[in-house]
Amino acid sequence: MKKDYYEILGLTKSASKDEIKKAYRTLAKTYHPDVNKETNAEEKFKEITEAYEILNDDVKREQYNQFGHAAFDPNAGGFGGQNPFTNAEGFSGFSDFSGFGSIFTDFFGGFGNSQRANPNRAQRGEDRHAVIKISFIDSVLGKEIVEPLEKFETCNTCNGSGAKSQSDIITCTQCSGMGEQIKITKTFLGQMQQNVICSKCNGIGKEIVEKCLICKGKTHTKTTKNITIKIPAGIQNGQTLRVENYGNAGLNGGSNGNLILSIKVSPHKHFVRKNNDIILRLPVSIKSVIGSEKVEVPTPYGFEIIKIDPNIKTGDELIIKNKGIITKYESGKMIVIFEIFIPKLTSFEKKEISTILEKNADKFYEKWIKEFE
């Protein structure tokens, strides 16, 4: 015959929940198998835990006070754990018809014997996302950035259990460690039994009496570390980089998620990227054109010196190889588009130029205009 639960904890029926919890903690620390090496310590610890799980739950305590141990004995009749789909002749409802299994599992979430994913399995944490802004030049040349990043690590105090001590981890008092509860749903077919995740333990089957003082039951702590992020040369706007293990914390010993960084490249005032080429509109004075002068062409890698062809006009292009986007697969080019401009002149300078030009007939224009006659 089982011993009275109140007697096991050394309490009376009028004991408050605080008194029940205090009595359990005291006895659990005394008889925990990791601490007490006596032969009957483990059995005594299980007995104490069972008593606490019943008396700490208001519904179960009320049932125990009214019916005693018979309230939780499936063979005692009354309100035991009988399957509502089983009748006196042994008919087991829809479970005999395999064709209905998947249909009703999808529709109602599964019957009492349906399997569910193990909530205690290791689960990888979710990825976190952030945007990092870089300059156009940094996107071409690449760069290393040192950033302080938050990282979740297993709590060293509780070793990831979330509890103040091992004795604070008990079987869930609501689902008795099953991780599930039976829910009865009324449908057009009648009452249907459905297994749902326990709302108290979220399907884990365990609950914590007193949480870890450091992580507050979260099983992990948050630290900040300076991490070097390598921006590869040639990266494009919208591309992503991955920083492993800097995402959200995993569950049940699962690995952290990753930090996904989306690259946002700030536009340059003069350089424009087209695939792996860089386009530059270069203003050139008419003086430099006439005199076929040398001018500097800016590139992301420094300045290039070119000699102006005296025959160029606005819109003409010059290709400079290997001065575009350079990746391990391809070396882009710089495309220079000339824009000829006339500098500001004084009245005297304009008169001198007019005198010079009057001596030279504009044969190109004369030929062009005759095409319309």
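Cβ atoms are placed via backbone N, Cα and C, with glycine included.
These numbers come from a predicted model, not from an experiment.
Per Swiss-Prot, Zn(2+) 1 binding site is recorded for Cys155, Cys158, Cys212, Cys215. Secondary structure from DSSP puts Cys212 (Zn(2+) 1 binding site) in coil.
In the three-state DSSP scheme, Cys172 (Zn(2+) 2 binding site) is classed as coil. In the shown protein chains, 21 other C-beta atoms lie within 10 A of the C-beta of Cys172 (Zn(2+) 2 binding site). Summarising the annotation, Swiss-Prot assigns Zn(2+) 2 binding site to Cys172, Cys175, Cys198, Cys201.
What Swiss-Prot records for 4-68 is domain 'J', and it gives sequence analysis as the kind of evidence.
The repeat 'CXXCXGXG motif' annotation in Swiss-Prot covers 155-162 (among others). Beyond the repeat 'CXXCXGXG motif' (155-162), the same-chain residues lying 6 or more positions past its ends with a Cβ under 8 Å from any Cβ of the stretch are 169, 208, 211-215, 217-221, 253.
The repeat 'CXXCXGXG motif' annotation in Swiss-Prot covers 172-179 (among others). Mean predicted confidence for the repeat 'CXXCXGXG motif' (172-179): the pLDDT average there is 86.
Annotation comment: Swiss-Prot describes 198-205 (among others) as repeat 'CXXCXGXG motif'.
Annotated repeat 'CXXCXGXG motif' per Swiss-Prot: 212-219 (among others), in sequence order.
The zinc finger annotation in Swiss-Prot covers 142-224.
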Rounded to a whole number of Å, the separation of the Cα atoms of Cys172 (Zn(2+) 2 binding site) and Cys212 (Zn(2+) 1 binding site) comes to 18
Most Cβ neighbours within 10 Å, among the binding-site residues Cys155, Cys158, Cys175, Cys198, Cys201, goes to Cys158
Whole-Å Cα distance, Cys175 (Zn(2+) 2 binding site) to Cys212 (Zn(2+) 1 binding site), is 23
Sequence-distant residues near the repeat 'CXXCXGXG motif' (172-179) by C-beta distance (under 8 Å, 6 or more away from its ends) are 52-54, 56-57, 60, 116, 119, 197-201, 203-207
Simplified DSSP label at Cys201 (Zn(2+) 2 binding site) comes out coil
For Cys198 (Zn(2+) 2 binding site) and Cys158 (Zn(2+) 1 binding site), the CA-to-CA distance in whole Å is 24
Across the repeat 'CXXCXGXG motif' (155-162), DSSP labelling yields 0 helix, 0 strand, 8 coil
